[in-house]
Amino acid sequence: MGEMKRSGNMSRDAVLTAAEMRKLETDAIMSGRVSGAELMACAGERAVAETLSLWPDLQDTISRAVILCGPGNNGGDGYVMAGILAGRGWQVDVFALGAPTRLPPDARANRDLWAAECPVHPLADAADAMASADLIVDALFGIGLARPLDADVVRVLRAVPTSTHRMSVDVPSGYDTDTGTILGDIAFPADLTVTFHSRKPVHSVLESSGCVVRVVDIGL
Ligand SMILES: NC(=O)C1=CN([C@@H]2O[C@H](COP(=O)(O)OP(=O)(O)OC[C@H]3O[C@@H](n4cnc5c(N)ncnc54)[C@H](O)[C@@H]3O)[C@@H](O)[C@H]2O)[C@H](O)CC1
Ligand SMILES: [K+]
């Protein structure tokens, strides 16, 4: 049975759908209480903290991370994580799906921050790099996955090694958030999933297959 742990002073046991989560985020942003950029920064910071808390061995040596960033705000969280890990002295390689010009604003801002100092490689090149990574971060798709993964993404997921730490941001790419089913043939094989504010239906499915699920507060 996977472990589900709450971090911070989370008392909410609600399970939200993708639409409910999106409404909560949008209402919070529209109210002016918090910005999307602040939510994304907090999401990335908390995702790194939970990853290092579950796998403290990663802090003992200079580790190498491969971060897979998608075309939306889930990818944006990945760019935030890349900057944090690089700032801690990690070797970080980022592989991205989609054109930068199509990224939503907060994700684009974090991508450009990263790209100002470091390369962003095409996702298709990730397969070889993953073999020697200590940590692989799946920031391809979160609650916005709308259809089965395309063949080029499937090809990369098939190359994800079993012998490394595999962490997914919010939802492992390939899963439908609300039904917990895999939309196509494959999903990212996460050992850890860090989700934001509250669980979604997919997370109990993940736990039953042995994935550790951590829920973190992002100030919503
Ligand atoms: N909203 C916020 O302020 C925060 C969101 N967080 C993170 O954002 C994601 C949700 O982001 P969103 O952009 O809505 O969705 P995704 O990033 O999951 O992907 C949507 C993106 O992908 C395209 N798409 C959908 N399915 C496919 C597919 N099979 N193949 C190719 N492309 C696909 C779609 O058209 C969009 O362009 C959430 O999970 C959080 O990780 C922050 O964490 C907090 C702030
Ligand atoms: K993901």
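For all residues, glycine too, the Cβ spot is worked out from N, Cα and C.
Unlike curated records, TrEMBL annotations are generated automatically.
The domain 'YjeF N-terminal' annotation in TrEMBL covers 21-220. Residues or ranges marked as (6S)-NADPHX binding site in TrEMBL: N73, N74, G75, G76, D77, G142, I143, G144, L145, A146, R147, P148, D170. Marked as K(+) binding site by TrEMBL: N74, D138, S173.
Within the same chain, residues at least six positions away from G75 ((6S)-NADPHX binding site) with a Cβ under 8 Å of its Cβ are C69, A96, L97, G98, L103, A107, R111, A139, L140. Residues N74, D138, S173 make up the record's K(+) site, and a Cβ search at 8 Å around their centroid adds L68, G70, G75, G78, A139, L140, F141, G142, S168, V169, D170, V171, P172, F188 from the same chain.
Closeness to ligand 2 is met by N74, D138, S173, these being the binding-site residues among N74, G75, D138, R147, S173 whose Cβ falls under 6 Å from the molecule. Comparing Cα positions, L145 ((6S)-NADPHX binding site) lies closest to S173 out of the binding-site residues N74, D138, S173. If you check the binding-site residues N73, D77, R147 against S173 (K(+) binding site), none has a Cα inside 10 Å of its Cα. N73 ((6S)-NADPHX binding site) sits 12 Å from D138 (K(+) binding site), taking the C-alpha atoms as the reference points.
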